[in-house]
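Trainee: Sharing the features that TrEMBL gives for it:
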type	residues	note
DOMAIN	20-260	domain 'DUF7703'
TRANSMEM	23-43	transmembrane segment
TRANSMEM	55-77	transmembrane segment
TRANSMEM	89-111	transmembrane segment
TRANSMEM	123-144	transmembrane segment
TRANSMEM	164-182	transmembrane segment
TRANSMEM	202-226	transmembrane segment
Amino acid sequence: MGSLLEARDSNDMGSSNKLSHKTSLIVIVFLALGVYNALEVLVKILRTFRAYRSVYFWALIAASVGIVLHAFGYFFRNFDVIDSLPLEIFLVGPGGMCMITGQSIVLYSRLHLISRTNSKDRWLLIMILIDLLVIQIGATTLYAGSQTSNAAKYLPIYKVWERVQVTAFFVQECIISGLYIYRTWILQKSAAAFRGRDGRQLLHHLIAVNLLVIALDVTILAFQFAGLYDIQTSWKTLAYSIKLKFEFYILNRLVELTKNGLSGGRPSGSRLTNSGPNAASKGVTSVIETHPRFGNSSYARMEDGGDGVVLKEVGRVTKTSE
């Protein structure tokens, strides 16, 4: 293990730099914690989902596996564990793509749950894919070149491109998390379905998680512009694993709450105490009629991977029973 702690200069992004003893310890801790968090989430994903077909499920898998690959890629790079440049590039490049893009799609795939319109936000998906195809593939190509014997040709461009990449993904995640915060705040004030105690608490937590996402992205940006490349790449692995853990928890709670019926208890303004066989369906109908835009968009696509119930089916049952 002594060879793992040989020095590298944190300001050098090429293949010949060596980490200092202190930097080595920090990098190892960040990478190890990132891998631990990602594997924990991966186990929970496989234990939670009954069907393996939704975009949400596969985005979670991609994000968690990507964190592990990204961590091992930089571990191999920083400590010369394996002398295989193709393996290192594969782990860092596609691993980073899965980690970053996968996590953005996780958030995108559940944004409709808090939308009050039928908008599908396709422009967000287009933005995510453009960043993947242009920013990340470009960064991977330049990274590969910077680790070869011809590094002098690629390294100056890669140093600039890495800053562009970190900034681009900071903006992307601020946009997605900002939409969550804004729409949650609007929903909190207008939707009867979330005025119960559990519903209010969930929405507060959803806002807090997205503020945490933005805060973690700020720290990644700060490390990058401070010139601490090796710290930034290892911290990014840990930061994304923390974000994934919180997002997985809060989005699953959101799915459960919407699926199980309009807020963990009963929404204020609706009564399910009417006598007679049609009482429950009338209570649900009253909430949907009061907030039709919220109801249609929030529940319409909850059938992904067996995660929820389609509101159209609820409406059909209600009409039949009446």
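Cβ from N, Cα, C; glycine included.
Are these features on the surface or tucked inside, and what are their neighbours?
Mentor: Listed as Cβ neighbours of the transmembrane segment (55-77) (distance under 8 Å, sequence separation of 6 or more from its ends, same chain) are residues 27-28, 31-32, 34-35, 37-39, 41-42, 45, 49, 84, 87-103, 105-106, 109-110, 147, 230, 233-234, 236-237, 240-241, 244, 248, 251, 304-305, 307.
Panel annotation: around the transmembrane segment (89-111), residues 54-56, 59-74, 76-77, 121, 124-125, 128, 131-132, 136-137, 139-140, 143-144, 147, 169, 172-173, 176-177, 179-180, 183, 237, 240, 243-244, 247-248, 251, 254-255, 304 of the same chain, lying at least six beyond its termini, place a Cβ under 8 Å from a Cβ of the stretch.
Within its own chain, the transmembrane segment (202-226) is flanked in space by residues 114, 162-163, 166-167, 169-170, 173-174, 177-178, 180-181, 184-185, 187-188, 194, 232, 235-236, 239, 242-243, 246-247, 249-250, 253-254, 257, 263-264, which lie at least six positions past its ends and keep a Cβ under 8 Å from the stretch.
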